[in-house]
Amino acid sequence: MLLYGPAGTGKSLIIGAVTQQIVDLCQSKGERFGVVNINCQPINTLDQAVFELVQTVANDVDAEVGVPETGVSTKRKYRRLYELINEHYDSVIFILDEIDLLVGRRTNEEPAYSKLLYQLSRASNTNEIEGQVSVAALTNDPKFMEDIDGRAESSFNPRDVYFPDYDANQLRQILENRRDAFRPNALTDDVLPLVSAFAAQSHGDARKAIDLFRGAGDLADERDDEKVREEHVRESQEEIDKDRSLKLIEGLTTQKKISLYATASVAYLSNLSGSSVPSPVGFKVYQWVTDEIDADQMTRETYVKYVKELSTYGLISTARKSRGRGGGMYMEFTFTGEPEAMMNRIVDDTRLGAIADQEDILQSVVNAQLREFHK
Ligand SMILES: Nc1ncnc2c1ncn2[C@@H]1O[C@H](COP(=O)(O)OP(=O)(O)OP(=O)(O)O)[C@@H](O)[C@H]1O
Ligand SMILES: [Mg+2]
């Protein structure tokens, strides 16, 4: 089987629940059904994956692992895996969660997951495993099968099970079952529908819906409010949104961080212009910052390009402005989020940390440049 769909749509949960039912059913008939469930996310190579499978089975049946983690061939590990399975299970399902992350180290070769799928799904045909073998691969990636080698595809040849985003009603049912996380009567009537609506609107991810639900409760708790109300949900959602855009900043290149930092400092430290930043002023401050931390200096065009790019992330909005007769055009940047929070996130970066102590000087640079610009 191939279970695929976006994050938080219940793939891992459902496969676990369904296989547990099969285990129970088989047990009542004296059959030994093995569930070998691994998450591929922390695993780097095919060899490690096979070892992880051996370990999981050994653990489940209380047997010796029987092979060392390193120093023996992958083939030996496969052999030990089959041996353990034949000895302890009548039939088996391999669950390979987040399988698309098992790519292996060698980039030009068939990916590790493709090799693993090939081996496991034909193990019953080749009599390496005596009983029935099923393989369930779980992934977010809808194009996952495109990178599977032809041989692997024909032996794995899965039935697709698609997990779509949850809608508001489904999310509401899921959250209903978690009411017991709250004190009796702590939830006002609008909380559950609102959490479900927010979550359905923005992602359909049950994990995030549960986080929002809990977040609203935590907020009420922090404030010693007896009840969780609509406002707690709204504020909790705002926190989550804010956090998301700040996280995004961490992934920017140093040059983009400097550009954003300089621009944000104009919005935050200026005594004059509120929160909008004319690009010529932002660029002057950018030049000052690059000098201070001894970084490369890009052209004004590049600076503007970087900052405009940030508008696609929703951190800022941009507008073209005219300086009036003969004055030419410039861009004006307006922050949607809090510039101060962005600056703080940026100076977490070691390279830019040095600038954090110089806020006074930075402020005078900002205001001098603004005065110059508005002259
Ligand atoms: N139908 C459901 N009923 C109750 N809880 C659910 C349901 N679907 C998902 N959840 C809960 O939502 C969270 C995310 O579900 P799960 O981990 O199964 O998602 P997933 O599809 O495997 O996501 P990912 O692709 O990120 O691995 C879990 O806490 C799970 O218990
Ligand atoms: Mg999962």
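All residue numbers here begin at 1 and follow the chain in the order shown.
Cβ atoms are placed via backbone N, Cα and C, with glycine included.
Around the Cβ of Tyr166 (ATP binding site), 23 further Cβ atoms fall within 10 Å across all displayed protein chains. Positions annotated as ATP binding site by TrEMBL: Thr9, Gly10, Lys11, Ser12, Leu13, Tyr166, Arg178.
The domain 'Cdc6 C-terminal' annotation in TrEMBL covers 260-346.
Remark: Leu13 (ATP binding site) has no non-local neighbours by Cβ distance under 8 Å and separation of at least 6 in sequence.
Among the binding-site residues Lys11, Arg178, the residue whose Cβ has the fewest other Cβ atoms within 10 Å is Arg178. With a CB cut-off of under 6 A applied against ligand 2, the binding-site residues Thr9, Gly10, Lys11, Ser12 are reduced to Lys11, Ser12. Using DSSP to sort the residues of the domain 'Cdc6 C-terminal' (260-346) gives these counts of helix, strand and coil: 45 helix, 17 strand, 25 coil. Checking the binding-site residues Gly10, Lys11, Ser12, Tyr166, Arg178 against ligand 1, the ones whose Cβ sits under 6 Å from it are Gly10, Lys11, Ser12. Cβ contacts within 10 Å of Ser12 (ATP binding site), excluding its own Cβ and spanning all protein chains shown: 16.
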